[in-house]
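Please read the structure below before turning to the comments.
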Amino acid sequence: MDGLPGRALGAACLLMLAVGSLGPGVWGSPTPPPLPAAPQPPPPPPGAPGGSQDTCTSCGGFRRPEELGRVDGDFLEAVKRHILNRLQMRGRPNITHAVPKAAMVTALRKLHAGKVREDGRVEIPHLDGHASPGADGQERVSEIISFAETDGLASSRVRLYFFISNEGNQNLFVVQASLWLYLKLLPYVLEKGGRRKVRVKVYGQEQGPGDRWAAVEKRVDLKRSGWHTFPLTEPIQALFSRGERRLSLDVQCDSCRELAVVPVFVDPGEESHRPFVVVQARLGDSRHRIRKRGLECDGRTNLCCRQQFFIDFRLIGWNDWIIAPTGYYGNYCEGSCPAYLAGVPGSASSFHTAVVNQYRMRGLNPGTVNSCCIPTKLSTMSMLYFDDEYNIVKRDVPNMIVEECGCA
């Protein structure tokens, strides 16, 4: 942590854990719930005027933004790095042009994933910045929505391209995947009560020339215009297994022209009917869970406790790619750690070992290094966001919210 400003040491200390407890660099909520009274400032670090030997040396430089009088740039960057780390992204997506709102709204509605308010904000159940109910300790399922691009060539067979995010993991297991295609009926004379029956064939296309294979074939009886789904679980699982992300599909509709049925592909006048692929995938992740109960900061104790704070994605300029929630309660840990509070097991002790080793490398005596107030329990939060390929990703992100704090 050499070279970091003193006021960023608290955030740097906690970033070594890659968890959700960062210094409260940014907060602010449209309608945040009332928070407990602000706790007393933690004791200054050893060696500083009024310093105490009960203070964790490695975290002693931490100061809250209300003490700094302004939003600190180091804390802001620490918050950003932490979010990207939890999403397994190297940097924020480069959003040069937005996905058409009509296409996004249609996809969300068809999946019953949420609704769009009149002001354009997306409301998703359980995506309110709090912990996801029942998410911890279970297999997490990511939901990825990828919109189609096309080669623009007019023919009975149209090739669609999808760039599907694998969420930074090569061992994703595809639970279910499907192509959503809108079939529009044009005026046509039919017998009373008759239906238009067409056969839609979807072919997968490998990277090599001529490597085409049948993915799915489906007979569709049409009475009105509407959406239809075509299963693609196995082809997309094979795509992920090869470490690839680009999915090429040839779509062919027999008898569509004769029966005045028009599959809607990529048409600027039909953005709300743009084809999309939905992938539900899971990644098993066994994590050691710590159930030690911690204190809430209420202004009446200087001991290690959890302090609430709200990170507003608009204030850090990330509301263009994070669709929901508008922010989240990251929370952080602060307070003193007397000797009798030390000894939290699991990740806490591992973290303490890392801190002690850092001081050994600096030639300091680890016997003088006391316990740190750090997260001992973290929870999962659901997020909906764009990735680099303009996929809409709905994901349960682990270790985002600090639930309890302890000493180690």
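Here the Cβ of each residue, glycine as well, is placed from N, Cα and C on the backbone.
The disulfide bond recorded by Swiss-Prot for Cys297 reaches one of Cys304, Cys305; that cysteine is Cys305. Swiss-Prot lists a disulfide bond between Cys405 and one candidate from Cys256, Cys333, Cys337; that candidate is Cys333. Disulfide pairing as given by Swiss-Prot: among Cys59, Cys372, Cys373, Cys304 connects to Cys373. Only one of Cys256, Cys337 is recorded by Swiss-Prot as the disulfide partner of Cys407: Cys337.
Counting every protein chain shown, the number of other Cβ atoms lying within 10 Å of the Cβ of Cys407 (disulfide bond) is 27. Within the group of disulfide-bonded residues (Cys304, Cys305), the Cβ with the highest number of other Cβ atoms inside 10 Å belongs to Cys304. The disulfide-bonded residues under consideration are Cys333, Cys337, Cys373, Cys405. Their Cβ neighbour counts within 10 Å are lowest for Cys337. On a Cα basis, Cys407 (disulfide bond) lies 7 Å away from Cys304 (disulfide bond).
Of the recorded positions Asn94, Cys297, Cys297 has the largest number of other Cβ atoms within 10 Å of its own Cβ.
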